[in-house]
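Chemist: Sharing the feature lines straight out of TrEMBL:
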- 10-338: domain 'Kinesin motor' (DOMAIN)
- Gly89, Gln90, Thr91, Gly92, Ser93, Gly94, Lys95, Thr96: ATP binding site (BINDING)
- 493-599: coiled coil (COILED)
- 639-666: coiled coil (COILED)
Amino acid sequence: MTNEDAKVIPVRVALRCRPLVPKEINEGCQCCLAFVPGEPQVIVGTEKAFTYDYVFDPTAEQEEVFSSAVSPLLRGLFRGYHATVLAYGQTGSGKTYSMGGTYTSAQENDPSVGVIPRVIKKIFEEREKKTDSEFSLSISYLEIYNEDILDLLCSSKDKPSISIREDPKDGIKIVGLTERQVFSAQEMVNCLELGNAARTVGSTAMNAASSRSHAIFTITLEQRKGLNKVDSIVSKLHLVDLAGSERQKKTKAEGDRLKEGISINRGLLCLGNVISALGDESKKNTFVPYRDSKLTRLLQDSLGGNSHTLMIACISPADSNMEETINTLRYADRARKIKNKPIVNIDPRAAEMNRLKQQVRPPAAGLLRSARNESTSMMEVFHVCQMCSHFSEQANERLQSKLEELQHHAALFSGHFGEFFPPFFFSKTKKTSLFSHQDAAAMRDSPEAFTAHHALRQAQLSKELIELNKVLSLKEAFVRKMCENDSQLEPMQSNHQKNVQTLQSAVDSLQKEKEDLVLALQSAKKDTNQAKLSEQRRKRLQELEHQLVDMKKKLLDQSKLLKLKESSVQKVSKLMQEIQAMKSQRTQLMRQMREDSEKFRLWKSKKDREVLQLKEKDRKRQYEMIKLERDFQKQANVLRRKTEEAAAANKRLKDALQKRSEVVEKRKDAMSKGIESVAARVKNWLLNEVEVMVSTEEARRHLSDLLEDRKVLAEEITHLKQQIEAGEKPAPKIRVRPAINADSKPNIPDLFRLSAVVDLPRNAQIADLQQKVLAADGEVRLKQRIDGITSIVDAKCALRLLMSEVKTVGSLSWLESELKQEKGNAQDLRKMMVEDRNLMSTMDMEHQQQLVELEQRHQEKVPFSEIRSASLVLTCSHPQLCFGW
């Protein structure tokens, strides 16, 4: 064992403070921590300071935490030392974020990834650099849930039972736990994601995704060195994400969540006991309770054993969590005092082989020298064979990659073969659907955009309709003109037809006459005596030919007129078809305009209804704002009263502390002079201590009330601010309360000024109370109280006085219960009085209603009785009128 192996090193502690979260900011929480620049020191309040190995303020990035605190452990891991990274803190303090317990592959290049993904990347980078060793990596992932060990890498439903065994040589072993061998960083990340998905998480009032179990991610690194790769070194890295300590008052946990919180706190308590036993120099040789929980059993080597250990203590800077923060700081401070003894973990079989090699080496040296030449030639042959094998493997890999690439291209070609024939044209229905989609998109826009779109569309349709009407009127006029021309051509057409027939008959007769003359001329050529007659016939034939040409020309003109008439008829029919199409298009445009107008009318009516609803909501919101303002003023008054009470409690605590210091001074003087008796001295001291404890508890209660009131007030101010911001456009006219002038409006900024005025002294008072409670309570104070009892006589006097105080407290408790009962009776009597008063008011209202009804009946009967009495009087005075009845 080397000197480096034998040295003792302490547990390293890194303190990490997260920023204030939005929930704490909305509750008005203030930062209660101060960080010393350039020093690993944090100050709580104004006086209490803690120093650690590393301190990271809220601005520290994940890379800074990893490179400063975690990276040195990885260097030791490759030298053969075990290492542990332990994240501790209250729930919601950032442990899982720091460790990277929710990491996924999508966050590969995200700078906010935690310790575990960075460790995985760093390990494989270092492995690539160390070419003289062979590495084997395996991982395991477990969680401790309600004191049960669960395998996070086991996907089967029937999971095997897992037990813890202790080996004198190899230390703690976990039997039944899945251990997977990995060959790349991606495989390890996949296992991490699998385990993270199987972790038990739940929602509490302090954290929406709270870890409900302790998780341990273990990386086992085995490396073989030397020529024959026989020397084996095995080192393990434990990455521990502890569940956060909880208080049921803050987490509001119930049912299973409450049971989980109890189990978590029990495990952390056992871990704290182990840390206290290891970190206290006075308890150096005492028993360390590793077996009190499974968590401490698994961390036995990490705490006081064979490991380089780093604790990342995560804290919250909010003053509402100051007590939990101080507990975490003390916890981490005790952990710094733990001493570990890490050694290089060599495989026992490899160590035995090394010992045997040392024994064999001297006698084998001569044989090696004699066979050096033969050995050299054999080594050269071996190196040549090795190079050939290496080259063939490289060629095989290149061919394999080329084959995979070609297969990939073939799959892509076959999969996308149908994409070479895309559609190039849209049908009219598709175009119509496109226009309807545009209209729907316009309706989804703002009302101003929809109104402008509707006006633009109506103008465009109107313009198209006007153009269509113009073209339609022109075509109709052209058709009328052509119809008139056709009507004028009708008689001409009949005359032309007659002329054509006449001309055709004349042409036929002339043609026949021509043929006869030709025959006659041919016969006349044979007879010389008929020369004169032939000359006449020749002239006649020429005349007939001229007449025939004229007749054919006239016939051709007549045919052209007929064709012109036919083309005119075709044009008229074509124009009529176009006119019908344009009329149908005009009808469609008018129908579309009517539909658009109807849609716009419906949309406008809907928007009008929405405007009315918004106005109604605005009126309700204004009423709620006035109500909130009234409640705010009431709470401000209550807060002022509570602030005054807290100030009084603070003053009493201050007086008690001052009085205690005076009593201590007097006690020292009395003990030195022997003036005061033992009983009186112990009585004064004990009464003073009790008064300090009572004042401290009262101050703690007032502090809790102030924190809760500040939280409620901050939430209401945030809610009111959101309502005001929502009502900025348009500016509403706020209805005023009767207590405010009718001409004035409630000045909303006054509420924030009032809250600021209340917040400043309250925050100062909270900080002062926290400082006083911190000074009056704690381990130092407890030690001083215990040191106050210096003898058995002091203890007897103190016990007698405490018994008397307990009796007095019992009497006070009985009186308080009686008072509480009397208050309950008085409250019941008040309720009965209110009910009787309500009953009397109800009966009074019913009585008044009956009186009104009787009065109405009386008024209805009075006119008739008066008329009847008047008629009787008239009848008696004028008997002649009695027949008129």
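Glycine is treated like the rest: Cβ placed from N, Cα and C.
Since we're looking at a predicted model, the values are computed, not measured.
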Chemist: Hey, what's the Cβ neighbour count for Gln90 (ATP binding site) at 10 Å?
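Modeler: The answer is 24 other Cβ atoms.
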Chemist: For the recorded ATP site formed by Gly89, Gln90, Thr91, Gly92, Ser93, Gly94, Lys95, Thr96, name the remaining residues of the chain with Cβ within 8 Å of the site's Cβ center, in chain order.
Modeler: Arg18, Asn207, Gly244, Cys314, Ser316
Chemist: If you run the three-state DSSP split on Ser93 (ATP binding site), which class comes out?
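Modeler: Assignment for Ser93 (ATP binding site) reads coil.
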Chemist: Please give the average pLDDT for the coiled coil (639-666) in this predicted model.
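Modeler: In the predicted model, the coiled coil (639-666) has a mean pLDDT of 75.
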Chemist: Which residues in the same chain, at least 6 apart in sequence, have a Cβ under 8 Å from the Cβ of Thr91 (ATP binding site)?
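Modeler: The list for Thr91 (ATP binding site) reads Thr204, Met206, Asn207, Ser210, Ala243, Gly244, Ser245, Glu246, Thr251, given in order along the sequence.
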